[in-house]
């Protein structure tokens, strides 16, 4: 019992720092990593050698995301400096009819459309919301809230594919189960959105319309999984929301040369990432053949895919924007200077979060990573201890377990890798559906995105909220826990009938 309680202390420690002390992302990363290192050395029989190499592996694992941060901040600064973002936001407003519809269109429509095609939403959605008049903290939070409930079905279905590989369960069955369980998750996120949206005194209207968009998003994704497949479900669900809000508004979006120039970098980005995710020979070429595998530790391979990853195409979108907007060298140097001044702190924080996640994941390994002592591995202790403590009520806590995995590691996929196979074993012991438990874990890991210091650190520098991450997490950590437990209640009740 003592070691089970100790295993939860990183979660409690980070929560205390974020919720009560409102520490910045960089402070959370530094203190969290130091706390984890001391904890592992004193109580989990993990050598400094193992901790060092695990931390280094974590930094290199996050390298593609660090490049996404830098390129995303650069693109945001270019489009803000040239007025492109403001013009795009006004264009959306004309189509959607009013500011509320526009903000919901960006949050739930654009966010899911982009994540569905494999484009990381935060570098685009957060600056758009900020340009639309949403507060810096609200813009950062909403850029994640908009897609968090549906995240498992995004990224051209890759999350479900990974879950299938981990558990051995059929992709289509997992996709359908996840789509059903995602509906209450999306609805909870929709109910959370008005906390961060400007209401203009019409709070009830905002809640109702936001909830309606959540329901439309969830049902559209379910229909897409059923009849078209997991790979396109997130993209189509986001597109349905966009079209619905435009039809509700003016019913039209007027095109001219100026707005086409403003939209061109985003169109280029979406086209490139959709192509490498969806066209089989391009996916095979960029994902498998033109890749570089590195092993810093023997139990984990880091694969770099420069032609598949988002950062390359975001940088190219930056070059396209510079060309189309006619930015001169002097202004470009100023933009680059601002980008570096904003980006270094966010990149350092995310690198340290990556290090902390891997240190926790590889706790209990003997020197040289020769073997694992499961009695000293934090993820193993948490998951098996939770089963022992909850018994037949375990399905209620499976989404929360997924939330914990994402909160600690920063990656929803890492949560599936840590706890996915366990759900199959637990289902056999409890006599419940392994597909439902695995899907519940995946939805919980997606909800962990809104509470993850790692994710907040990605969004906050895009909107001038860097250093205020603790203020955001103070709200989103309770929201994430509440959402995961609510989904758990739905999962548990479904097993009773």
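Each Cβ is built from the backbone N, Cα and C atoms, and glycine gets one as well.
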Listed range which TrEMBL flags as transmembrane segment, given the options 113-135, 343-365: 343-365
Among ranges 263-282, 323-342, whichever one TrEMBL labels transmembrane segment: 263-282
231-251, 378-398 - the range that TrEMBL marks as transmembrane segment: 231-251
Leading stretch by Cβ pairs under 8 Å, where the reference is the transmembrane segment (472-493) and the options are 140-165, 206-225, 231-251: 140-165
Stretch contact, the transmembrane segment (177-197) with the transmembrane segment (50-75), Cβ-Cβ under 8 Å, 3+ pairs: no
Maximum Cβ pairs under 8 Å to the transmembrane segment (302-322) - stretch from the list 6-21, 50-75, 263-282: 50-75
